[in-house]
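Annotated features, as they stand in Swiss-Prot:
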ACT_SITE  Arg114  active site
ACT_SITE  Glu122  active site
ACT_SITE  Arg166  active site
BINDING   Asp100, Asp119, Thr120  Ca(2+) binding site
COMPBIAS  58-70  compositional bias 'Polar residues'
REGION    58-83  region 'Disordered'
SIGNAL    1-23  signal peptide
Amino acid sequence: MTEYLLSAGICMAIVSILLIGMAISNVSKGQYAKRFFYFATSCLVLTLVVVSSLSSSANASQTDNGVNRSGSEDPTVYSATSTKKLHKEPATLIKAIDGDTVKLMYKGQPMTFRLLLVDTPETKHPKKGVEKYGPEASAFTKKMVENAKKIEVEFDKGQRTDKYGRGLAYIYADGKMVNEALVRQGLAKVAYVYKPNNTHEQLLRKSEAQAKKEKLNIWSEDNADSGQ
């Protein structure tokens, strides 16, 4: 619709210019010719104002919701709203399995969840056995989720389950992200980062850098060189 109005405005401008030309050629013929000249000039000015307004409106509509009508995304708008696309969903705790795994009741069904973007030392691995700081990580997660009045899960933009059928999500205990809390305490590393399931990657890396700086738990001097 805007395109048609713009075309009509351009036609009006052309007609106004022609009218001004006619008025100029007849301006010496009397008072009526002068009035005609002023009228034509006013029409041209008004037309130009309308065309300018319509042009601005058309440009604004091209980037509605961060997506151009041509199909390409506006990166500025997209980056500002990308995290808002994630949303938290309610769940209830069944049990904490280990540092990075919990079992929840989700949408009326029991489901095991693997915390996204983090890896804690093992406690129940068939080959690795119990690793250093594994029990501490398990106890930390257990305390967070068992003491919470509200548990929520937040899926990212990619796949929601792994090959074992476990849900891949960020887990929140009373609004605090368990994934990030583990990393901040030096009880988990940032790991298994696969786009687009990495919305909170930078948050976790910032917490990991701080835990390293403070040499917390797996980043302590005794374990820093061992890859723990």
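Glycine residues also receive a Cβ, built from the backbone N, Cα and C atoms like all the rest.
Among the recorded positions Asp100, Thr120, Glu122, Arg166, the ones whose Cα is located within 10 Å of the Cα of Arg114 (active site) are Asp100, Arg166. Here the Cβ of Glu122 (active site) has 20 other Cβ atoms within 10 Å, regardless of which shown protein chain they belong to.
Long-range neighbours of Asp100 (Ca(2+) binding site) (same chain, six or more residues apart, CB within less than 8 Å of its CB): Arg114, Leu115, Val118, Asp119, Thr120, Ala137, Thr141, Leu182, Ala188. Sequence-distant contacts of Arg166 (active site), defined as residues of its own chain at least six apart whose C-beta falls under 8 angstroms from its C-beta, comprise Thr101, Met111, Thr112, Phe113, Arg114. Apart from Asp100, Asp119, Thr120, the Ca(2+) site neighbourhood in this chain, defined by C-beta within 8 angstroms of the site C-beta centre, holds Asp98, Gly99, Thr101, Leu115, Val118, Pro121, Ala137, Leu182, Ala188, Lys189, Ala191. For the recorded positions Arg114, Asp119, Thr120, counting C-beta atoms within 10 A of each C-beta gives the highest total at Thr120.
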